[in-house]
């Protein structure tokens, strides 16, 4: 009798890639709904543009590589890339920006490396960083949330602004953004960094309308809590593991608390860091990408903690208000090293 020795892994999860991607897409619904509520219909338009662009870009590359288009598109990874990029950019950003960022993410950051499972960097964050560096003004032109906004464009006006730059009544992004005590930076992190550099005290800054929320910035706290709810559902469904989100959030909270205690006049309080910007989106939907994150349990804890530290450092001392995208990519660079030194010992072999 001949026994065949199979290669590892000997146990595996029965879920297909398309199933896991679909679970992540479903978990994003609360976060998308919150962004629609607080920032208007532009978010939905950007998601549609990004989704179509991602599918077309992936289909084009697969066709050129003479691979099965239908079979690959069914894994839903292109849709997820487009979605993550779309919810990360301002809702009323010009249409060509989300198309450019999505095409770059799919073709350059994913397919150029060989496709799903081969890319070392998170494609959506690569697309986001390319847009942020190339078009910093447009990428920081967030509308104030509806709680403090003078006017949130309707569906037709959102389409008009995205495709032509003006509403049906002739208004543009500048007129839409201004009107809240003259503050044009419409995110809590933007406002805090700009105001501190202008010499304003933290007490003065916290009186701005953008900080009228119960816990953190107006609107943004609920958006982050919505992404947190989706992330908890992913944990419950066992689509992601707890190591990265927990270590990321604990490290970010710890660094923010220590920084705030030592320098309360220049550094933001921990609740601002935890419930503003892309904190919860990054913790549960971006850092947990199984392709670009660490693959060992100890490695995941280190990877998440490193990302949390980098987010706090970039937000506090860097040139950009929200450092999630840069932190993710910098942490991605360290994954091979982290995995090398956190490999579990093979049973029956000595360590080292």
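Quick reminder: no glycine exception, Cβ is built from N, Cα and C everywhere.
Positions annotated as FMN phosphoryl threonine by Swiss-Prot: 187. In three-state terms derived from DSSP, residue 187 (FMN phosphoryl threonine) belongs to neither a helical nor a strand segment and is classed as coil.
Swiss-Prot lists 20-40 (among others) with the feature transmembrane segment, giving sequence analysis as the kind of evidence. Using a Cβ-Cβ cut-off under 8 Å and counting only residues 6 or more beyond its ends in the same chain, the transmembrane segment (20-40) has close neighbours at 47, 75-77, 79-80, 83, 87, 91-92, 142-143, 145-147, 152-154, 158, 219-220, 222-223, 225-227, 229-231, 233-234, 237, 239, 280-281, 284-285, 290.
Residues or ranges marked as transmembrane segment by Swiss-Prot on the basis of sequence analysis: 42-62 (among others).
Taken from Swiss-Prot, the feature transmembrane segment covers 89-109 (among others). Beyond the transmembrane segment (89-109), the same-chain residues lying 6 or more positions past its ends with a Cβ under 8 Å from any Cβ of the stretch are 35, 39-43, 45-46, 49-50, 53-54, 57-58, 60-61, 78, 81-82, 119, 121-124, 126-128, 130-131, 135, 138-143, 153, 158, 161-163, 165, 173, 176.
Annotation comment: Swiss-Prot describes 123-143 (among others) as transmembrane segment, evidence class sequence analysis.
Away from its own ends, the transmembrane segment (214-234) comes close to residues 23-24, 27-31, 33-35, 37-39, 144-148, 187-188, 240, 245, 271-272, 274-277, 279-281, 283-285, 288 of its chain (Cβ-Cβ under 8 Å, at least six residues beyond either end). Summarising the annotation, Swiss-Prot assigns transmembrane segment to 214-234 (among others).
Taken from Swiss-Prot, the feature transmembrane segment applies to 242-262 (among others). For the transmembrane segment (242-262), the list of distant contacts is 231, 235, 268-270, 272-274, 279, 282-284, 287-288, 293-294, 297, 300-309, 311-313, 316: same-chain residues at least six beyond its ends, Cβ to Cβ under 8 Å.
Marked as transmembrane segment by Swiss-Prot: 267-287 (among others).
Here Swiss-Prot flags 301-321 (among others) as transmembrane segment.
Sequence annotations record features per position, and here Swiss-Prot assigns transmembrane segment to 322-342 (among others).
Same-chain neighbours of the transmembrane segment (301-321): 132, 140, 185, 187, 189-190, 192-194, 243-252, 255-256, 259, 267-268, 273, 277, 279, 282-283, 287, 293-294, 327-328, 330-331, 334-335, 338, 342, counting only residues six or more beyond its ends whose CB sits under 8 Å from a CB of the stretch.
Panel annotation: around the transmembrane segment (123-143), residues 39-40, 42, 80-82, 84-85, 88-94, 97, 100-102, 104-106, 108-110, 149, 152, 173, 176-177, 185-187, 190, 286, 320-321, 324-326, 328-329 of the same chain, lying at least six beyond its termini, place a Cβ under 8 Å from a Cβ of the stretch.
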